[in-house]
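S.K.: I'd like to ask you about the structure that follows.
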Amino acid sequence: MTTATRFPQFSQDLASDPTTRRLWYGIATAHDFETHDGMTEERLYQKLFATHFGHLAIIFLWASGNVFHIAWQGNYEQWVANPTGVTPIAHAIWDPHFGKAAVEAFTQPGGGGPVNAAYSGLYYWFNTIGLRTNGDLYAGAIGLLLLAAVFLFAGWLHLQPRFRPSLSWFKNAEARLNHHLAGLFGVSSLAWTGHLVHVAIPESRGQHVGWDNFLTTLPHPAGLKPFFTLNWGVYAQNPDTANHVWGTAEGAGTAILTFLGGFNPNTQSLWLTDMAHHHLAIAVIFIVAGHMYRTNWGIGHSIREILGAHNPPKGTPFGGLLGEGHKGLYDTVNNSLHFQLALALACLGVVTSLVAQHMYALNPYVFMSMDHTTEAALYTHHQYIAGFLMVGAFAHGAIFLVRDYDPEANKNNVLARVLDHKEAIISHLSWVSLFLGFHTLGLYVHNDVMQAFGTPEKQILIEPVFAQFIQASHGKMIYGMDVLLSNPDSLASTAWPNYGNVWLPGWLQAINDPNGSLFLPIGPGDFLVHHAIALGLHTTTLILVKGALDARGSKLMPDKKDFGYSFPCDGPGRGGTCDISAWDAFYLAMFWMLNTIGWVTFYWHWKQLGVWSGNTAQFNENSTYLMGWLRDYLWANSAQLINGYNPYGMNNLAVWAWMFLFGHLVWATGFMFLISWRGYWQELIETLVWAHERTPLAKLIRWKDKPVAMSIVQGRLVGLAHFTVGYVLTYAAFVIASTASQSG
């Protein structure tokens, strides 16, 4: 058999296809290593292992580029001297299309030419971790570049015959878990604690620590003596005062590991010494956890044994209701890369959404909470990424069920029982989604009608009393509920061992600060939008769960698994088999995910605009009906945006105004692929080819491949990609421009 000499070399079938299908299917399956010619399980693991190094190299190269351009074309040193008065610069702009007005609009006062403002938050991170000069940034950029080179080499090396790990090495789950827990999380957290204690904290107190003196500068006056004499409390004594001026010794203490809680009033960020303590605690926990599982030494837990015993006995809660419990899951997870990826994506998705929340509510970076545009950009960015990761988790979960699930190995265990109970699971999710949808929309529409008819007092406004109770129990005083931490006489406030000081002293001050973003006061508008978001989350979950649980087969199509993860239909002779592949569920869920995160970010942004401007009444009064959202959030805040350029000139929002329009264009283009069907494109292509072959110059260029329309699934993918990219581009421009126009 001759090997393919043209793309794709990994598939003989596709390489010999005479149509443009060769290109599109080649691109679509380039990363689906499992389906490549001659692929073995061991080779599959080795290729994936090597690609991880390549992936890391790209990430480090990208990070290096960001740091390098800030050092080269940014204004980092001027910004460090005045972080609340100078706008950080990402990089310079060279654009031959810029006229005089544009050059002036995008040039900062005293600047040498047009620049891009930085809304990434990198400046704040650099400042927090103790970098002070462009030289520090150049050193970081070069270090990241060297690291990228090391990882590229490692990727190449692990593809060489002598350095390819064996399949048994990849399947050694306990050893991998130990190393990832202790090494990846534990030791890296310890190293980060070291950096914070030895470099960042001294720099925050005006003492420079660099490569020249970091081995001779004591981070604490007592040195290591308290550590070895177990007198660790010394490291928490004499923390920075509330009057500490960042980057100077004024008001500075000597503590390196504290438990203050709340924020530094000067920087409006978490105390650096609290964060060092946090990372040290994480390091200890994970290094201990990394010694938990049994490997060559014969000590510790066996995950297989733990899972085998995971079955509550009869007479206890759930006893006897779980069948074989978790038996068989060890091999099921360990032998399926898709299952492992699904679990990893689900965890990472949750963590990324938490990052979005904590970046503003418990802001770790000095002075960043005063840069509202950066805060808004980071929240939106992380929330969208969380959505993509979560949908990806379900997609790979469904691929696992189609390709890797073994019914014999999982007989009557929890996984099999989930599949057996799929009707109950899907119908309950469906009921919840319908309930949330009709009730929430009903309340919004009722309130709209009351507004429209001039009787706003007849709106149905429901106070979120349970959520307010939770806020009050954490110490929020505004509701007057006197419960737990908001009641100084409660057990939470007086508990042993230290009567009232058991809670972090700065916490109550932070949670009750009217200018902060921690536990914002909530009312009827919040109640409604929370339920709208719950509708979106439950419907997205319903679509994804149904897609996964029906991926192997349904009453309509019992042999579905034989058709693979994505198929359009089973021919014209079998009615109702279109749009029911697991891929179609992923495709539909993507729209719901984007929609839901739209509501999440609209809500967050509108509420925060009120907090930042000091006018919280606008959100509170106008978020209880739909016209309020359309008029007072979307329309009112896009007014600045669509005026970025006009017949009379332009301003520094012009680039965002253009991006706003361009995003709409990309988004609208998606419908061209989503609505028209394959035959239409085939006829269009045939007409274009006919015209091409009869045009004097064009006919000199001939295709080697016969042009054919994309498959139905590919057309949908292209449509979805345009819809998604356009949607995100449009909202990114809206968030940045509307916030920057109000906050600078």
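Indices start at 1 and increase along the chain as displayed.
The backbone N, Cα and C atoms fix where each Cβ goes, and this holds for glycine too.
Pasting the relevant annotations from Swiss-Prot:
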- CYS569, CYS578: [4Fe-4S] cluster binding site (BINDING)
- MET672, TYR680: chlorophyll a B3 binding site (BINDING)
- TRP681: phylloquinone binding site (BINDING)
- 48-71: transmembrane segment (TRANSMEM)
- 137-160: transmembrane segment (TRANSMEM)
- 177-201: transmembrane segment (TRANSMEM)
- 275-293: transmembrane segment (TRANSMEM)
- 337-360: transmembrane segment (TRANSMEM)
- 376-402: transmembrane segment (TRANSMEM)
- 424-446: transmembrane segment (TRANSMEM)
- 527-545: transmembrane segment (TRANSMEM)
- 585-606: transmembrane segment (TRANSMEM)
- 653-675: transmembrane segment (TRANSMEM)
- 717-737: transmembrane segment (TRANSMEM)
S.K.: Hey, does the transmembrane segment (376-402) touch the transmembrane segment (717-737), meaning at least 3 C-beta pairs closer than 8 angstroms, sequence gap 6 or more?
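M.R.: Checked: the transmembrane segment (717-737) vs the transmembrane segment (376-402), in contact.
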S.K.: I'd like to know which of these binding-site residues, TYR680, TRP681, is least surrounded, judged by other CB atoms within 10 A.
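M.R.: Comparing Cβ neighbour counts within 10 Å for the binding-site residues TYR680, TRP681 gives TYR680.
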S.K.: Residue list, the transmembrane segment (424-446) vs rest of chain: Cβ under 8 Å, 6 or more residues beyond ends.
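M.R.: Sequence-remote neighbours of the transmembrane segment (424-446) are 418, 459-460, 462, 528, 531-532, 534-535, 538-539, 541-542, 545-546, 549, 624-626.
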S.K.: Counting Cβ pairs under 8 Å to the transmembrane segment (527-545), which of 48-71, 337-360, 585-606 comes out on top?
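M.R.: It is 585-606 that shares the most Cβ pairs under 8 Å with the transmembrane segment (527-545).
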S.K.: Six or more residues out from either end of the transmembrane segment (585-606), which same-chain residues have a Cβ under 8 Å from its Cβ atoms?
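M.R.: Contacts of the transmembrane segment (585-606) (Cβ under 8 Å, skipping residues fewer than 6 from its ends): 376, 379-380, 383-384, 386-388, 390-391, 394-395, 398, 526, 529, 532-533, 536-537, 539-540, 543-544, 546-548, 550-551, 619, 623, 629, 633-634, 716-717, 720, 723-724, 727-728, 731, 735, 738-739.
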S.K.: Just to verify a number: CA distance, CYS578 ([4Fe-4S] cluster binding site) to TRP681 (phylloquinone binding site), in angstrom, no decimals.
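M.R.: Pair distance, Cα basis, whole Å: 19 Å.
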S.K.: In Å, rounded, how far does the Cα of CYS569 ([4Fe-4S] cluster binding site) sit from the Cα of TYR680 (chlorophyll a B3 binding site)?
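M.R.: A Cα-Cα distance of 18 Å.
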S.K.: Provide, as an integer number of angstrom, the distance between the C-alpha atoms of the residue listed as 'phylloquinone binding site' and MET672 (chlorophyll a B3 binding site).
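M.R.: So the Cα of MET672 (chlorophyll a B3 binding site) lies 10 Å away from that of the residue listed as 'phylloquinone binding site'.
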S.K.: Across all chains shown, how many C-beta atoms besides its own are within 10 angstroms of the C-beta of CYS569 ([4Fe-4S] cluster binding site)?
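M.R.: That number is 16.
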